[in-house]
Amino acid sequence: MSTLVSLNNISVTFGSRKILSDISLTLQAGRILTLLGPNGAGKSTLVRVVLGLLAPTSGSLVRDPALRIGYVPQKLHLDTTLPLTVSRFMQLRPGVKKQDILPALKRVQAAHLLEQPMQKLSGGETQRVLLARALLNQPQLLVLDEPTQGVDVNGQMALYDLINQLRQEFHCGVLMVSHDLHLVMAKTDEVLCLNQHVCCSGTPEVVSLHPEFLAMFGHRGAEQLAIYRHHHNHRHDLQGRIILKRQGGNDA
């Protein structure tokens, strides 16, 4: 399995403030890594490092300069007074050929949105259009920054199903970022919990047979969603300092 991006003990400091400390991770073709963490954990900074938009203060990043990356941003801010159809929005990407737009939208089941105004789309529809735009360069790595933000549970299940299909079709690596600390995509190969440093990592615990989970999401939801249980040996105080836990759960 080929390695697309490798981060080795990277740290990022802005002035006297350390944003990321000693982060190591590997993104591989055909595998999904979900990055979890609360607001302010450094997730967006880490994404910028992976995308090559920010150089780490220390540590090393190994990435093929020709690596094709498809990026779906966390938020899309559009002027509500600006007439902009999905077709025109897709063409704003440099080098896009008009004949490639409809096939990309079809891949994400959004061909019917081609001439719809971007400002009128629902959260789930917007995410599908952004995914289609990210596919235009045949990516080897998909970076999805909170792709289910503003999308209801049914929409989340549909998006997760779609992301898995795209992973299989393109055999691309996927880095997915989320602030939901307990609900992640069941097809995730690895979960990495971040709070300035790597708090914990591992595979998600699939709870597809749990009666409460099935009652909430049904069998289809159980196939697409999973709960990840965190096992930390520490917590963070209000200043972000690490407080180690003793055995039995008390702080050291």
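Just so you know, glycine gets a Cβ as well, placed from its N, Cα and C.
Taken from Swiss-Prot as is:
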type	residues	note
DOMAIN	5-220	domain 'ABC transporter'
BINDING	Gly37, Pro38, Asn39, Gly40, Ala41, Gly42, Lys43, Ser44	ATP binding site
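Excluding the listed site residues Gly37, Pro38, Asn39, Gly40, Ala41, Gly42, Lys43, Ser44, the same chain places His179, Leu194, Asn195 with Cβ atoms within 8 Å of the centre of the ATP site Cβ atoms.
Of all the binding-site residues given, namely Asn39, Ser44, the one with the smallest number of surrounding CB atoms inside 10 A is Asn39.
When secondary structure is read from DSSP and collapsed to three states, Pro38 (ATP binding site) falls in the coil class. Per-residue confidence over the domain 'ABC transporter' (5-220) averages out at a pLDDT of 86.
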